[in-house]
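**Q** Here it is, the structure in full.
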Amino acid sequence: MAVLGAAGRMGSTTVRAVEAAPDLELVAALDATDDLAKVTAAGAQVAVDFTVPSVTEGNVHALVDAGVHAVVGTTGWDDASRARVRDHLADRPGVGVLIAPNFALGAVLTMAFAARAARWFESVEIVELHHPDKVDAPSGTAMHTAHAVAHARRAAGVAPSPDATEQSLDGARGALVDDVRVHAVRLRGLTAHEEVLLGNPGEQLTIRHDSFDRVSFMPGVLLAVRQMPSRPGLTVGLEHLLDLG
Ligand SMILES: NC(=O)C1=CN([C@@H]2O[C@H](COP(=O)(O)OP(=O)(O)OC[C@H]3O[C@@H](n4cnc5c(N)ncnc54)[C@H](OP(=O)(O)O)[C@@H]3O)[C@@H](O)[C@H]2O)C=CC1
Ligand SMILES: O=C(O)C1=N[C@H](C(=O)O)C[C@H](O)C1
């Protein structure tokens, strides 16, 4: 298999995890200046992408063209870019692509629990907290959580969270993602954290997940690497590989 973005925080952690896995062989580790042709030249069947939002879609199309299955953890995807990959895969039967905003088991469970709880609360807001070197906000995980929560609330006929704010400084109420408020904190010392706050009169449920170390993402990454050769087409979210989708 191959790792794209191998010199980065997640890429280097993935390289170590693959090297420690007896059933996987790392044949290519690419950094920003490397040609993607190295992936096929090395005979990789699966490539993991932990690069940057500006290049990940191009990488995925090149991998699909080459018949290489892709496990994508890089964020920055939207409906339009995912649709382009889905269309491309329709011409390449047998090739599988997973785009997952978070590979940590606890984060996937947080999203599943939040979606399950969302219909029972009047108010829902999301706070994501990350290291200050992160280039995108809100996090891909928070966006995915907001969409899942919004979908569950719409399906149950629940109104958007009440908010009487008439006057506020720009950004004070966070970003509105699919009718759900999302707040992004960037703080030295943090790794990757998310809280889903659910409120009713007289009570609050907080669902919180903390990734203290990037090793937390590795069981999910390796699970995906092992499964993608038998999952053709586009899969969005690790929850589908964990039977939680
Ligand atoms: N799904 C998940 O579970 C997780 C997802 N992420 C996401 O993964 C992505 C990477 O995060 P992180 O590792 O912290 O970021 P880093 O900035 O540490 O790593 C990104 C790496 O990609 C390299 N790169 C840039 N362009 C290319 C290219 N065209 N080909 C190959 N490599 C390239 C960068 O090189 P250079 O610095 O020289 O430009 C850098 O080494 C982010 O989008 C982040 O949100 C992060 C954690 C978990
Ligand atoms: O950049 C990060 O660090 C992370 N990015 C992903 C995201 O944007 O959701 C996953 C995790 O939160 C760590």
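The backbone N, Cα and C atoms fix where each Cβ goes, glycine too.
From TrEMBL, here are the annotated features:
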| type | residues | note |
| --- | --- | --- |
| ACT_SITE | HIS130 | active site, proton donor/acceptor |
| ACT_SITE | LYS134 | active site, proton donor |
| BINDING | GLY5, ALA6, ALA7, GLY8, ARG9, MET10, ASP31, GLY73, THR74, THR75, ALA100, PRO101, ASN102, PHE103 | NAD(+) binding site |
| BINDING | HIS131, GLY140, THR141 | (S)-2,3,4,5-tetrahydrodipicolinate binding site |
| DOMAIN | 2-103 | domain 'Dihydrodipicolinate reductase N-terminal' |
| DOMAIN | 106-242 | domain 'Dihydrodipicolinate reductase C-terminal' |
**Q** Work out the three-state DSSP category of GLY140 ((S)-2,3,4,5-tetrahydrodipicolinate binding site).
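**A** In the DSSP reduction, GLY140 ((S)-2,3,4,5-tetrahydrodipicolinate binding site) maps to helix.
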**Q** For ALA100 (NAD(+) binding site), find which of the recorded positions HIS130, LYS134, GLY140, THR141 come within 10 Å, Cα to Cα.
**A** GLY140, THR141
**Q** What mean pLDDT does the predicted model reach across the domain 'Dihydrodipicolinate reductase C-terminal' (106-242)?
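**A** Averaged over the domain 'Dihydrodipicolinate reductase C-terminal' (106-242), the predicted model reaches a pLDDT of 98.
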**Q** Filter the candidate list ARG9, ASN102, HIS130, THR141 of recorded positions, keeping only entries whose CB is under 6 Å from an atom of ligand 1.
**A** ARG9, ASN102
**Q** At the Cα level, what's the spacing in Å between ASN102 (NAD(+) binding site) and THR141 ((S)-2,3,4,5-tetrahydrodipicolinate binding site), rounded?
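**A** With distance taken Cα to Cα, THR141 ((S)-2,3,4,5-tetrahydrodipicolinate binding site) is 6 Å from ASN102 (NAD(+) binding site).
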**Q** For LYS134 (active site, proton donor) and ARG9 (NAD(+) binding site), determine the Cα separation and express it in whole Å.
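**A** Spelling it out, the Cα of LYS134 (active site, proton donor) and the Cα of ARG9 (NAD(+) binding site) are 11 Å apart.
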**Q** Of the binding-site residues GLY5, ALA7, ARG9, ASP31, which one has its Cα closest to the Cα of HIS131 ((S)-2,3,4,5-tetrahydrodipicolinate binding site)?
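**A** Considering only the listed binding-site residues, the nearest one is ARG9.
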**Q** Could you state the whole-number distance in Å separating the C-alpha atoms of GLY140 ((S)-2,3,4,5-tetrahydrodipicolinate binding site) and THR74 (NAD(+) binding site)?
**A** 8
**Q** Would you mind sorting out which recorded positions among GLY5, ARG9, ASP31, THR74, ALA100, LYS134 put a C-beta under 6 angstroms from ligand 2?
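**A** LYS134, by Cβ distance under 6 Å.
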**Q** Round to a whole number and give the Cα-to-Cα distance in Å for the pair ARG9 (NAD(+) binding site) and THR141 ((S)-2,3,4,5-tetrahydrodipicolinate binding site).
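**A** Spelling it out, the Cα of ARG9 (NAD(+) binding site) and the Cα of THR141 ((S)-2,3,4,5-tetrahydrodipicolinate binding site) are 17 Å apart.
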**Q** By a simple count of other Cβ atoms within 10 Å, which of ALA100, HIS130, THR141, the recorded positions in the record, is least packed?
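**A** Counting other Cβ atoms within 10 Å of each of the recorded positions ALA100, HIS130, THR141 gives the minimum at HIS130.
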**Q** Check each residue in the chain of ASP31 (NAD(+) binding site) that is at least six apart in sequence and keep those whose C-beta is under 8 Å from its C-beta; list them in sequence order.
**A** GLY5, ALA6, ALA7
**Q** Between THR141 ((S)-2,3,4,5-tetrahydrodipicolinate binding site) and THR74 (NAD(+) binding site), how many Å separate their Cα atoms?
**A** 11
**Q** Mind tallying the domain 'Dihydrodipicolinate reductase N-terminal' (2-103) by DSSP state, helix then strand then coil?
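**A** So the domain 'Dihydrodipicolinate reductase N-terminal' (2-103) is made up of 42 helix, 18 strand, 42 coil.
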